[in-house]
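Notes for the one structure printed next.
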Amino acid sequence: MTGFLRVFLALSATLSGSWVTLTATAGLSSVAEHEDALLRHLFQGYQKCVRPVLNSSDIIKVYFGLKISQLVDVDEKNQLMTTNVWLKQEWTDQKLRWNPEDYGGINSIKVPSESLWLPDIVLFENADGRFEGSLMTKAIVKSSGTVSWTPPASYKSSCTMDVTFFPFDKQNCSMKFGSWTYDGTMVDLILINENVDRKDFFDNGEWEILNAKGMKGNRREGFYSYPFVTYSFVLRRLPLFYTLFLIIPCLGLSFLTVLVFYLPSDEGEKLSLSTSVLVSLTVFLLVIEEIIPSSSKVIPLIGEYLLFIMIFVTLSIIVTVFVINVHHRSSSTYHPMAPWVKRLFLEKLPRWLCMKDPRDRFSFPDGTESKGTVRGKFPGKKKQTPTSDGERVLVAFLEKASESIRYISRHVKKEHFISQVVQDWKFVAQVLDRIFLWLFLTASVLGSVLIFIPALKMWIHRFH
């Protein structure tokens with residue numbers, strides 16, 4: 001008896017499962033049949049090239065919105081903005097309405113967009129020839145005739161770049177959408193939301209979106225009005241990369257130029273250092289030229305700074321040549337030092353510049369050299385005439401010795417004078433180096449501050 005019950009229960013379970021499966025299959029088959037019948041009903045005689053209105057005077061209201069998923073690139077050189085967006089579009093198609101009760105309670109269906117009438121909304125400022133979104137997506141059609149279509153699109157839109165404050169710049173790029181063929185009496189655009197949807201936005205490493213809003217407008221041509229929607233994107237560059245790899249090296253090069261005047265003038269590396277800095281700045285200028293657009297309207301901030309430093313370095317080379325020339329002057333090169341130069345560069349300026357003259361200067365009073373003979377070296381004694389040959393020989397010998405001493409003294413004084421002139425000119429060169437060191441350091445700091453502070457203040461103000 002127990003075995004019979006087990007067989008009976010197993011058979012009952014099998015029959016119940018089969019019945020459920022058959023019921024579900026029948027249900028699915030019924031839904032598919034209803035949807036198939038609905039599609040045949042809706043698209044029988046449907047012309048996608050004809051506006052789906054009851055009266056020719058009716059206006060199709062297209063509710064339009066934009067959702068941005070990625071800011072791919074901002075190309076300053078070619079003045080392009082590349083974005084990945086979704087175009088939200090919704091309108092009512094009077095030819096696609098049905099009673100859900102007649103088709104198994106179906107309230108909405110998915111229809112390929114290429115089978116429907118579309119309001120042909122395109123991007124006007126397109127730069128790569130692709131004006132429309134992707135047609136490979138399906139639209140949702142509701143029983144009330146409402147059509148919702150959200151195709152993805154990748155756009156390259158034209159954008160006029162203002163690189164005045166590069167790399168602390170802000171750009172305002174716009175995307176203008178409108179119907180390509182229908183005027184305002186046939187299709188009207190209505191904004192779903194004035195703010196661009198950024199819920200699924202993927203951040204860009206170089207730019208951030210400060211603001212993105214839409215605004216409706218109308219363009220009139222004769223008797224016709226063409227509605228459009230313009231989305232404005234306010235973009236701010238993140239300047240960390242350019243600050244670390246462009247601005248800071250340029251600042252370092254400018255201060256290297258200042259250190260040229262700290263090198264001794266008798267070293268041959270002063271001109272080599274200045275020339276190397278000038279070549280490095282030229283390379284940086286070529287790098288910037290590859291980034292920014294070629295325009296004669298504005299000079300970018302970093303370009304102004306590089307131009308300032310290049311002029312700065314060029315002047316330092318000219319000044320260095322002059323200082324080296326002063327350093328190697330002497331009386332033998334027919335450059336006697338004027339009295340005012342001595343007073344200014346050897347007495348006054350060193351005190352103002354906190355410089356000390358390390359040389360010990362010796363002065364020889366005029367007229368200290370005796371022009372008399374040996375006989376004149378004995379004051380208070382009466383001049384006597386040698387009485388013997390021995391005395392006459394001794395006096396002649398002493399006079400020759402005195403003449404030799406005077407000759408040696410004159411030669412030593414001349415050598416000392418020449419050496420003193422050489423040392424004086426070298427000290428003048430040191431004073432000039434110290435003057436230009438402070439002048440160029442002050443000019444470098446003030447120039448950097450005056451060029452970058454306004455841009456930094458503007459960038460920080462926009463950040464807050």
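Each Cβ is built from the backbone N, Cα and C atoms, and glycine gets one as well.
Per Swiss-Prot, the disulphide partner of Cys159 among Cys173, Cys250 is Cys173. Sequence-distant neighbours of Cys173 (disulfide bond): residues of the same chain at least 6 apart with a C-beta under 8 Å from its C-beta are Val74, Met81, Ser157, Cys159, Ser232, Phe233, Leu235. Tertiary neighbourhood of the transmembrane segment (305-326): same-chain residues 247, 250, 253-254, 257, 260-261, 265, 270-271, 274-275, 277-278, 281-282, 284-285, 288, 299, 425, 428-429, 432-433, 436, 440, 443-444, 447-448, 451-452, selected by CB-CB distance under 8 Å and a gap of 6+ residues from either end. Counting other Cβ atoms within 10 Å of each Cβ, the glycosylation sites Asn55, Asn172 show the lowest value at Asn55. Counting only the Cα atoms, the space from Asn172 (N-linked glycosylation site) to Asn55 (N-linked glycosylation site) is about 42 angstrom.
DSSP assigns Asn172 (N-linked glycosylation site) to a strand segment in the three-state reduction.
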